[in-house]
Amino acid sequence: EKSQDCMYLQYCKVCQSYKAPRSHHCRKCNRCVMKMDHHCPWINNCCGYQNHASFTLFLLLAPLGCIHASFIFVMTMYTQLYNRISFGWSSVKIDMSAAKRDPRPVIPFGLSAFAASLFALGLALGTTIAVGMLFIIQMKVILTNKTSIESWIEEKAKDRIQYYQTGETFIFPYDMGSKWKNFKQVFTWSGIPEGDGLDWPVRDGCHQYSLTIEQLKQKADKRVRSVRYRAVEDYSGVCCPVTKGVKTFFTTPCTEEPRIALSKGDLILATRGLKHWMYGEKILDSAADGGIRERGWFPRKCVEKCQYDSETDQPVDGEKKNR
């Protein structure tokens with residue numbers, strides 16, 4: 001509504017529009033998602049403003065259902081094996097009178113049924129632990145009125161301030177200061193979340209666009225810290241390349257982020273990396289400042305560092321960059 005606010009907002013080149021505060025573009029959904037937390041492959045959708053509460057309840061009910069299933073599996077195996085194996089549990093008293101009157105089960109409980117029940121029990125217990133941990137993580141971010149992405153942004157803000165020694169303090173603007181108030185921002189009796197997904201209440205002393213301003217600073221910092229590399233080998237873009245060495249094959253990043261194919265001579269701006277892999281943007285139009293770029297992982301052995309260490313084409317002087 002206010003054109004001067006555009007200076008505080010990020011622009012999405014894919015959607016050709018400004019991003020609302022707390023919104024992020026999802027590569028899988030190919031759209032900007034309000035209050036995006038992450039893209040979940042299990043529900044084939046993003047977890048965000050509209051369904052954050054429903055997704056969190058799913059993370060709660062799934063482990064409860066698996067606990068219920070585990071109890072059924074355990075009792076099934078015990079009662080079916082009661083007359084076949086002597087457990088020696090004299091203290092365990094189970095009324096087996098019905099089973100003795102009609103010993104034939106609805107499903108014959110042979111060796112294959114026992115193996116299937118044991119396997120299903122392992123899956124149920126594993127799901128209980130894995131999904132239960134995800135529920136705990138989600139509740140932690142909800143009680144601070146954040147998303148997983150915003151928690152990461154806050155950590156990067158601390159790193160940026162410490163790196164440049166600016167002396168500023170970043171305060172997350174959407175934390176209402178009370179866990180109950182933060183909880184009510186997501187969970188409501190009507191099932192409809194608070195607000196409209198565009199405008200958010202902020203704590204006292206914070207700007208309406210404090211988070212987006214910090215994101216713009218981090219993007220500028222990211223371009224300053226990026227290092228230019230040139231591809232010296234071709235790379236097809238496969239997740240686990242066999243021809244790039246055993247270590248590269250077994251240390252492929254465990255992430256949904258894409259890989260980018262490289263041809264000898266391509267220029268890449270690397271922003272982060274592991275021991276045998278790097279993540280960066282391939283410059284397809286180096287003549288234009290805002291040229292189209294492809295982002296993704298690529299093997300470190302396929303590239304070599306250019307003469308200049310950053311996108312600004314400034315020689316390495318060994319001094320800390322200051323802005």
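The backbone N, Cα and C atoms fix where each Cβ goes, and this holds for glycine too.
According to TrEMBL, the features are:
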type	residues	note
DOMAIN	224-308	domain 'SH3'
TRANSMEM	57-78	transmembrane segment
TRANSMEM	113-137	transmembrane segment
Secondary structure tally of the domain 'SH3' (224-308) (DSSP, helix then strand then coil): 10 helix, 32 strand, 43 coil
Counting only residues at least 6 beyond its ends, the same-chain positions whose CB falls under 8 A of a CB in the transmembrane segment (57-78) are 43, 94, 109, 114, 117-118, 120-121, 124-125, 127-128, 131-132, 134-135, 138
